[in-house]
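Visitor: Copied straight from TrEMBL:
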DOMAIN    42-82  domain 'EGF-like'
DISULFID  53-70  disulfide bond
DISULFID  72-81  disulfide bond
DOMAIN    223-279  domain 'Chitin-binding type-2'
């Protein structure tokens, strides 16, 4: 019950769950402007919607109004079952389990030794983490935080997919390169290398692996621009001696000479090697 200045106390029946005594000895919604009880007292009463006991503890009403106790689940202790035991204490009271969950991170567990009934690490889609943090990047795991290699870093080997869409992505730490990564629900699935084809090496783009000469230079590729150039054939810088490009109406078309022929930069035609100056041909010029 609640007391008001200048009025004697009167005994009331319990209000329904989620409501308290208000003005006129009526039950009013908890937290509303009609609530004349102090919040600090209301929060310390036992009820399904305001259990002050943590870690699954049970709230037990006391002998006096507003008094309560917490019956804590083993091995938690404290006034509100808020004291979390050490890993050693956790393992001591858990003889049926080998691995126990960490209180902060969903992917971390304590290994209590070789016992029966060992639980397994579950897929992140099905596990229920509650208030624990669900790590998404592999480099956030303890075993990888101190990863040391003379050849690469953790972020280079295992790039993060956080805030990335599902599917194929250019490598986060190796942009404009043949390296790529595949993401699923902000988790890294795999990394890979695009390789090359008959027209040269490929690089990773958001649309997949593409030949470097099919990707504009502003996006990290080597595709030449034809804006402002007259229609005709041109040597392909960075390409092989058989490659060239054709400009028509400001559009670029990558071409390749037939087998056994080489592109002659002097005549802008495909010719035999003996007709083309060095280094692409054998003719001394």
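Counting begins at 1 with the first residue displayed.
The backbone N, Cα and C atoms fix where each Cβ goes, glycine too.
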Visitor: Expressed to the nearest Å, what is the distance separating residue 70 (disulfide bond) and residue 81 (disulfide bond) at their Cα atoms?
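Guide: So the Cα of residue 81 (disulfide bond) lies 7 Å away from that of residue 70 (disulfide bond).
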Visitor: In Å, rounded, how far does the Cα of residue 72 (disulfide bond) sit from the Cα of residue 53 (disulfide bond)?
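Guide: One finds 8 Å between the Cα atoms of these residues.
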Visitor: When you measure from the Cβ of residue 81 (disulfide bond), which residues in the chain that are at least 6 apart have a Cβ under 8 Å away?
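Guide: 53, 54, 55, 56, 57, 70, 72, 73 - these are the non-local Cβ neighbours of residue 81 (disulfide bond), listed in sequence order.
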Visitor: With DSSP as the reference, give the number of residues of the domain 'Chitin-binding type-2' (223-279) in helix, strand and coil.
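Guide: Breakdown, helix to coil: 3 helix, 26 strand, 28 coil.
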Visitor: Let me know how many other Cβ atoms fall within 10 Å of the Cβ of residue 72 (disulfide bond).
Guide: 20
Visitor: Tell me the Cβ neighbour count for residue 70 (disulfide bond), meaning other Cβ atoms within 10 Å of its Cβ, over all protein chains shown.
Guide: 22
